[in-house]
């Protein structure tokens, strides 16, 4: 048995989710002139992905600019005529002045309309160059040079996923909600992502949010943890095991997980006393973490517990302490050749 700090950890399963996902589609019709990315490439926000033939849109823009120049010239002449009519005073009829004033106002509106057409043409021309919406990884390319694309088509050109940072979506039982919210209120709640076999730690992150409701069908709540993921150890869709640390218990008494046994009367452990006699002791335990279980009652610090071979141990059996591979072991002396471990 050991006494010392113990991390209170909630274990769960989770699924990696991209921080952002965008299905990139064209917003204009035309023929693809160039594809500027490679599948699997890391792209940055604003990088050119695909170039749609811009010539029709450039022509529309040039035409709109020419129309505005023409209308501005007409407006200039109309204003000059209005100014002359105004200076003539009584020599020009009121009707002439009013008509010319209306012409000027109409041309002013026309020039404003021309500018709106120019702005729209510039926007359409800009859409011909398709760019990455954010930093991410390009998926499979779904178009080739020479393909005709349409703004109304539902097929994406490519899907971009943002993986730095990245989310892991996990669940927790509703009875743990209070502990989680209390830990989150105190500050950062660390979360580790592990391989599903629990053998490899993939990344370290933090809890970022709780869903706004409990799923009444399952009695669980969904959580999101965020990871920097600079090494791309986490990938969208990957299944992971998660370990969320909600606190640290100082001076906690712990024993190896293997020492805890299940019996008809509940949980127990085999304790070895000073005379090397094993006896069964009921225990109350808390959470487990990294191979050790917190003891809440039934055992005292310093007591030795058997960690292996309990099926061959009987109440009152004599055991002898051994060492094997650097670990303290207990070998039974009655009956012989029944080996068990103690810590």
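A Cβ is built for glycine as well, from the same backbone N, Cα and C atoms used for every other residue.
Summarising the annotation, TrEMBL assigns domain 'Multidrug resistance protein MdtA-like barrel-sandwich hybrid' to 20-161. For the domain 'Multidrug resistance protein MdtA-like barrel-sandwich hybrid' (20-161), the number of residues in each DSSP class (helix H, G, I; strand E, B; coil) is 71 helix, 30 strand, 41 coil.
Annotation source TrEMBL lists domain 'Multidrug resistance protein MdtA-like alpha-helical hairpin' at 61-128. Per-residue confidence over the domain 'Multidrug resistance protein MdtA-like alpha-helical hairpin' (61-128) averages 90 (mean pLDDT, predicted model).
Annotation comment: TrEMBL describes 165-247 as domain 'Multidrug resistance protein MdtA-like beta-barrel'.
Marked as domain 'YknX-like C-terminal permuted SH3-like' by TrEMBL: 252-320. For the domain 'YknX-like C-terminal permuted SH3-like' (252-320), the DSSP-based tally of helix, strand and coil residues reads 6 helix, 41 strand, 22 coil.
Residues or ranges marked as region 'Disordered' by TrEMBL: 322-343.
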